[in-house]
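What TrEMBL annotates here:
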{"type": "TRANSMEM", "residues": "21-40", "note": "transmembrane segment"}
{"type": "DOMAIN", "residues": "23-448", "note": "domain 'Major facilitator superfamily (MFS) profile'"}
{"type": "TRANSMEM", "residues": "63-84", "note": "transmembrane segment"}
{"type": "TRANSMEM", "residues": "91-110", "note": "transmembrane segment"}
{"type": "TRANSMEM", "residues": "116-137", "note": "transmembrane segment"}
{"type": "TRANSMEM", "residues": "181-202", "note": "transmembrane segment"}
{"type": "TRANSMEM", "residues": "266-291", "note": "transmembrane segment"}
{"type": "TRANSMEM", "residues": "303-325", "note": "transmembrane segment"}
{"type": "TRANSMEM", "residues": "332-353", "note": "transmembrane segment"}
{"type": "TRANSMEM", "residues": "359-378", "note": "transmembrane segment"}
{"type": "TRANSMEM", "residues": "390-412", "note": "transmembrane segment"}
{"type": "TRANSMEM", "residues": "424-448", "note": "transmembrane segment"}
{"type": "REGION", "residues": "452-525", "note": "region 'Disordered'"}
{"type": "COMPBIAS", "residues": "469-479", "note": "compositional bias 'Acidic residues'"}
Amino acid sequence: MGRPDPEEGQLPAPVKPPDGGWGWIVLFGCFVITGFSYAFPKAVSVYFKELMKDFHVGYSDTAWISSIMLAMLYGTGPVCSIMVNQFGCRPVMLIGGLLASAGMILASFTTNIIELYLTAGVLTGLGMALNFQPSLIMLGTYFDKRRPLANGLAAAGSPVFLSSLSPLGQVLLEKFGWRGGFLIMGGLLLNCCTCGAVMRPLDMGMKRKMGKAQDKYEAKEMLPIGGKSEEGISTADGTKKAKKAKKKPKKGKKLLDFSIFSNRGFIIYTISKFILVLGLFVPPILLVNYAKDTGVPDTEAAFLLSIIGFIDIFARPACGMVAGLKWVRPHVAYLFSFSMLFNGLTDICSARASNYTGLVIFCVFFGISYGMVGALQFEVLMAIVGSQKFSSAIGLVLLIEAFAVLIGPPSAGRLVDALKNYEVIFYLAGSEVVLSALFLAVASYCCLNRGKKKEPPPENNPSAAGGSDTEEAESDVQEAEEHSSDNHQPAHSTDNAVVAANEEANHVAEEQNGEGGGCPAGDREVLARDSCNADQTVERDSF
């Protein structure tokens with residue numbers, strides 16, 4: 001086989017996920033982004049008491065700041081998908097970092113609670129959303145074999161930052177007040193821009209290889225090859241046609257790919273995730289008040305959340321390592337189902353806990369199961385839809401989850417006010433999580449496993465969903481290959497005299513250069529002047 005000719009569309013193949021190298025820097029950036037995205041809305045609650053005094057509002061009014069942040073994080077998923085598919089991950093993340101920082105800086109100058117909603121809530125929430133989703137897409141781009149471990153390590157950013165930002169916020173509040181604290185927190189959010197800057201598109205390596213191939217081709221053209229013939233002229237004409245073919249406009253990419261709804265696995269995952277979110281966040285939200293109602297002191301009640309966070313830090317990477325094992329990864333959806341079942345049964349079994357020891361045991365098991373769910377949720381989605389459609393899939397899933405977030409915890413709070421009984425709430429939340437686990441396991445077994453024999457095996461494409469440059473390069477390859485196959489036809493229309501002249505010219509060139517050309521002498525083929533590529537051969541028998 002001869003060397004590929006970049007002018008005729010034979011471009012280097014897309015770069016595969018390196019599973020390391022610069023990917024570890026990308027993983028660290030994703031770790032930071034995940035920490036800010038999930039922990040920041042909770043850490044802002046440290047300032048609520050001061051905001052209540054300054055603006056003369058109630059606790060529910062200030063709590064809307066965190067709620068708006070989370071609503072923007074989940075609800076703007078499709079918007080993020082469209083922007084990533086249109087502009088790529090890195091520009092979107094840089095803009096998101098600036099918006100998140102600007103929101104908190106502007107919030108430090110606000111004079112009423114409505115302005116806080118618009119700045120700290122909407123603007124900062126939108127900025128974090130524009131960072132969170134692209135970072136997950138880039139993580140799936142750089143990791144394939146080690147992707148479960150990478151997802152687990154990135155997910156550990158949430159408990160780590162939660163245990164760090166809350167004490168930091170308290171220190172800033174005591175020294176600088178809530179305005180100074182907001183200003184400094186806005187400066188910290190500029191680190192999101194740094195994380196976005198390190199999200200180097202993986203297809204840049206492919207572009208470098210294309211450039212090298214082009215240089216080799218040009219250098220080869222400058223070397224003397226002997227004589228010229230009509231076939232050489234026809235080859236040059238074919239090359240010009242291939243160039244013109246490349247300049248033809250490509251078909252527009254889908255900004256949001258709704259075809260993923262035809263994937264039964266995606267439908268099952270989405271329904272299961274909606275049911276899960278209805279009950280997953282209820283126990284940690286009500287845990288502190290539940291402990292206080294059972295007679296636990298305030299400091300010890302607050303320490304329960306720290307136990308969950310500490311266990312969660314180690315549970316997520318550990319679960320990622322387990323999910324990456326060869327005999328586990330093909331069944332990662334069932335491991336995710338088991339983690340949800342574990343979490344739901346923990347809620348149900350702990351509903352009758354009436355002392356501090358029982359609540360501590362609940363926090364330990366809840367931290368393990370909660371960490372497992374957090375480590376596997378996006379890994380399962382990547383495994384279902386693949387990297388090409390992940391950017392659209394995660395946006396639509398987050399949008400659907402936004403409705404569940406707005407329904408679940410508020411409904412649980414109203415039931416507590418009406419029934420004055422936390423036990424029923426824990427039973428209800430645990431039942432919802434168990435139902436989601438059973439639905440995912442049963443539906444996956446019945447609807448997916450039985451259809452595997454009938455369906456063709458999925459294509460293994462390691463390229464990133466969010467990397468628009470990679471998709472364009474692949475489309476260029478396909479278009480160029482189609483036109484290059486057409487350009488080979490003139491070679492077959494050459495008469496016997498021209499073929500004989502070409503054969504003699506090639507023989508002279510080989511003797512002058514002292515090379516055999518890498519082609520056997522007894523072959524029944526006549527080679528084109530540039531290479532021994534089988535695609536550019538002319539068989540004697542055809543004449």
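Here the Cβ of each residue, glycine as well, is placed from N, Cα and C on the backbone.
In this chain, the transmembrane segment (116-137) does not touch the transmembrane segment (303-325); fewer than three CB pairs sit within less than 8 A of each other, excluding pairs fewer than 6 residues apart. Pairs of Cβ atoms less than 8 Å apart link the transmembrane segment (181-202) most often to 21-40, out of 21-40, 266-291, 332-353. At the 8 Å Cβ cutoff, the transmembrane segment (266-291) and the transmembrane segment (424-448) share at least 3 close pairs (sequence separation 6 or more) and count as touching.
Against the transmembrane segment (91-110), stretch 63-84 has more CB pairs under 8 A than any other of 63-84, 332-353, 359-378, 390-412, 424-448. At the 8 Å Cβ threshold, with sequence separation of at least 6, the transmembrane segment (116-137) lacks contact with the transmembrane segment (424-448), having fewer than 3 such pairs.
Taking Cβ pairs closer than 8 Å, the transmembrane segment (359-378) reaches residues 136, 148, 151-152, 155, 158-159, 273, 276, 280, 283-284, 287, 290-291, 294, 296, 304-305, 307-320, 323, 332, 335-336, 339-340, 342-343, 346-347, 350, 353, 394 in its own chain, all 6 or more past its ends. Counted as Cβ pairs under 8 Å, contacts with the transmembrane segment (390-412) are highest for 63-84 among 21-40, 63-84, 332-353.
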